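*Asks:* The structure is given below, and queries will be raised subsequently.
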Amino acid sequence: MDAVTINSFFMIGALLIGISVLLSPVSSKLGIPILLVFLAVGMLAGEDGIGQIAFDNYPVAYLVSNLALAIILLDGGMRTRVASFRVAFWPSVSLATLGVAVTTLLTGLLAMWLFNLSLLQGVLVGAIVGSTDAAAVFSLLKGRSLNERVGATLEIESGTNDPMAVFLTVTLIAVLGSAETNLSAGFLLLSFIQQFGVGALLGLAGGWILWWLINRNQLPEGLYSILAVSGGLMIFALSNALGGSGILSIYLTGLLLGNRPTRSRHAILNVLDGMTWLAQIGMFLVLGLLVTPSELMEIALPGLALAVGMILFARPIAVWIGLAPFKSFTAREKWFVSWVGLRGAVPIILAVFPMMAGLPNAQLYFNLAFFVVMVSLVVQGGTLTKAMSLAKVELPPKPEPISRTGVEIYPTSEWELFIYKLKADKWCIGEPLRNLFMPEGTRIAAVFRDNQLLHPSGSTELCEGDTLCVMAQERDLESLSRLFSEAPEKASLARFFGDFFLDIEAKLQDVALLYGLDLGELEADAKLKDLVLEHLGETPVLGDYFEWHGLQWVVADVVDWKVTKIGLRLPPEEELQEGAE
């Protein structure tokens, strides 16, 4: 490769990345996933597009995709709170194992019928497209106010279900590639334990060693993120080399780093944010270049039937079977989890395996995987907002600061600087700072007014448009945001959480007298928390509700996984009038 070729490679690569970045706002305007934009740019630059770039180097595509996926999962793991495992761990594990297996089998049977394949070949197609994609799920759910049980389940499932798909794909390729491979129960069990066991062990052990190294060594600030990424990639590669799941390993590594007091954690996350965007762009550009759109047209109708069958038939059945033991999930939540079974880069990466193994029909598998991913991103990704509304799993947006920055004043500092812009509707306008009910240990470090820095004191009165810089920790975020952020409209909050709020310790007898409810003797002696336990179980989340005595009772506040307030939704005025008559 000469200097001119290398320079051309840099120019074309930079141009495609720049175009992808500049076109990213188009996704929100058109209501389509941003990943689809990156994929489309790659396809337009390919051999059937205006770029006429002929790219069919599957090993390079495999390398780029795995590198990108590893970085995305490291970032996703660091941003996942272990606390969410309380409500989502076992449902996620069930979906990541049993759910993937059921989806694989049902999709495989459909593929066998549609494309005249053998049973094993059809199930291989099902295994390739059987898992949800972490890059797609993390990207599309980012910034969404979802019911925590649903949101955490989807994110943890997407970060942990790839090992099952890899296990099934690799096993089936081994069987199809060699008649001597013994597909016995012992072989399958050993392969399964190796994928998950080695992956989990190396992820946790390697993650702990990496965390120790980061905290132990005094390095320039910019090197901690490089150490975190290089260490994560080493764990990813070592796990793969030992027959484990590198995908699971690096996700668990990120989970450990993000949930322990890690030196320069905020700086690492800031760097990872940019690297994750670059990884997503690069991965989908390369995968877009790899496909030949004219070949997709040859399988368009049966490919569409396969994708629709998986979305409307295989995935919902798998979700309902996988979540059957978990009574806390409502039918609406199960349907939403079914719908957000987004496919992305992972199925396309898995479809490269048969190409590299030289299996018959390998090109068909690849084209099918690509087609299914495109349909999934367009149909499921494009209707995500509508699905959230129909399933009623979306919460009112939480008040947030306009910016937040980590303050690394000591190695494992949890301090952050939160920036707030005061709006006219805030009660603190005109109040001196000494009158604010600030969380204990927090402090307003600076106030900016008309682009001028003020030195705040207890007598400083706040004005509309002031910008406040507040020193605090993440645990203080909710209280501070209630004080200073632009809050959602009261009408929308009332529609969601109810017209009145009741303390969880309130006696049902008092509630009955207040709202004219007819209670039996046993109910009259109970408290509101007993009613919540009876209807919602031990781990309700914000936004859960139940019907009782013709009223809707909504979980309106949760602190440390304990319900503290219940919202009461009254029937519409017309129903109240009819009842009075």
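Note: Cβ is positioned from N, Cα and C throughout, glycine not excepted.
This is the feature table in Swiss-Prot:
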type     : residues : note
TRANSMEM : 3-23     : transmembrane segment
TRANSMEM : 30-50    : transmembrane segment
TRANSMEM : 58-78    : transmembrane segment
TRANSMEM : 87-107   : transmembrane segment
TRANSMEM : 109-129  : transmembrane segment
TRANSMEM : 192-212  : transmembrane segment
TRANSMEM : 232-252  : transmembrane segment
TRANSMEM : 271-291  : transmembrane segment
TRANSMEM : 304-324  : transmembrane segment
TRANSMEM : 335-355  : transmembrane segment
TRANSMEM : 364-384  : transmembrane segment
DOMAIN   : 405-486  : domain 'RCK C-terminal'
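Can you tell me where each of these features sits in this structure?
*Replies:* Through the fold, the transmembrane segment (3-23) approaches residues 37-38, 41-42, 45, 53, 278, 281-282, 285 of its own chain, all at least 6 residues removed from its boundaries and within a Cβ separation under 8 Å.
If one looks beyond the transmembrane segment (30-50) by at least 6 residues along the same chain, the residues whose Cβ comes under 8 Å of a Cβ in the stretch are 12, 16, 19-20, 23-24, 135-136, 139-140, 280-281, 284-294, 344, 373-374, 377-378, 381-382, 385.
Residues 163-164, 166-167, 227-228, 231-232, 234-235, 238-239, 242-257, 260, 262 of the same chain sit 6 or more residues outside the transmembrane segment (192-212) yet have a Cβ under 8 Å from a Cβ within it.
For the transmembrane segment (335-355), the residues of the chain that approach it from at least six positions outside its boundaries are 35, 58, 61-62, 65-66, 68-69, 95, 103, 124, 127-137, 140-141, 150, 153-154, 158, 162, 165-166, 169-170, 173, 283-284, 287, 290, 311, 315-316, 319-320, 323, 329, 361-363, 365-366, 368-370, 372-373, 376-377, 380-381, 383-384, 387-388, 391, 393, judged by C-beta separation under 8 angstroms.
Sequence-distant neighbours of the transmembrane segment (364-384) (same chain, 6+ residues past either end, Cβ-Cβ under 8 Å): 31-33, 35-36, 39, 111, 115, 124-125, 128-129, 133, 136, 140, 287, 291, 295-296, 298-300, 303-304, 306-308, 310-311, 339-345, 347-348, 350-352, 354-355.
In the predicted model, the domain 'RCK C-terminal' (405-486) shows an average pLDDT of 84.
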*Asks:* Against the transmembrane segment (304-324), which of these stretches has the most C-beta pairs under 8 Å: 58-78, 87-107, 232-252, 271-291?
*Replies:* 87-107
*Asks:* For the domain 'RCK C-terminal' (405-486), give the DSSP counts of helix residues, strand residues and coil residues.
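*Replies:* In the domain 'RCK C-terminal' (405-486), the DSSP-based counts are 14 helix, 28 strand, 40 coil.
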